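Beneath this line is the structure, given in structure tokens, with notes to follow.
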Amino acid sequence: KIFERCELARTLKNLGLAGYKGVSLANWVCLAKWESNYNTRATNYNPGSKSTDYGIFQINSRYWCNDGKTPRAVNACHISCSALLQDDITQAVACAKRVVSDPNGIRAWVAWRAHCENRDVSQYVRNCGV
């Protein structure tokens, strides 16, 4: 599923991400824009670590989910990576909450550091009624 910007903002708010661990809703929408272009089915393989990033938040199989093929995988979210590709993003959001609970917080995501950090992210929720 490819979310429309405001549809995603409303969904993330309903799933409790607004202000979670101090991260604003606009920052989460910015993250999703630059990681997956709002696409729940997005996958990207990382040859160096032989790991894959999954879903709207591009959550990595080395640490967070199990895809059955990543060496030394940790599976800290206790989830199948395929669950992160569903149209229903409830499980992806739950895992993102686990990721952002680590000391690195939202900085765990390279795309957030590159495109959202220290920027005006208000545009990502503008006119969304959230």
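Cβ from N, Cα, C; glycine included.
Here is what Swiss-Prot says about this protein:
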- E35: active site (ACT_SITE)
- D53: active site (ACT_SITE)
- C6-C128: disulfide bond (DISULFID)
- C30-C116: disulfide bond (DISULFID)
- C65-C81: disulfide bond (DISULFID)
- C77-C95: disulfide bond (DISULFID)
- 1-130: domain 'C-type lysozyme' (DOMAIN)
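Taking each of the disulfide-bonded residues C6, C77 in turn and counting other Cβ atoms within 10 Å of its Cβ gives the largest count for C77.
C81 (disulfide bond) falls within a helix when secondary structure is assigned with DSSP.
Taking the Cβ of C30 (disulfide bond) as reference, residues of its chain lying under 8 Å away and at least six apart in sequence are, in sequence order, W112, H115, C116, R119, V121, Y124. Fewest other C-beta atoms within 10 angstroms, among the disulfide-bonded residues C65, C81, C95, C116, C128, are seen around C128.
For C6 (disulfide bond), the nearest of the recorded positions E35, D53, C65, C77, C81 in terms of C-alpha separation is E35. Looking only at the domain 'C-type lysozyme' (1-130), the predicted model's pLDDT averages out at 98.
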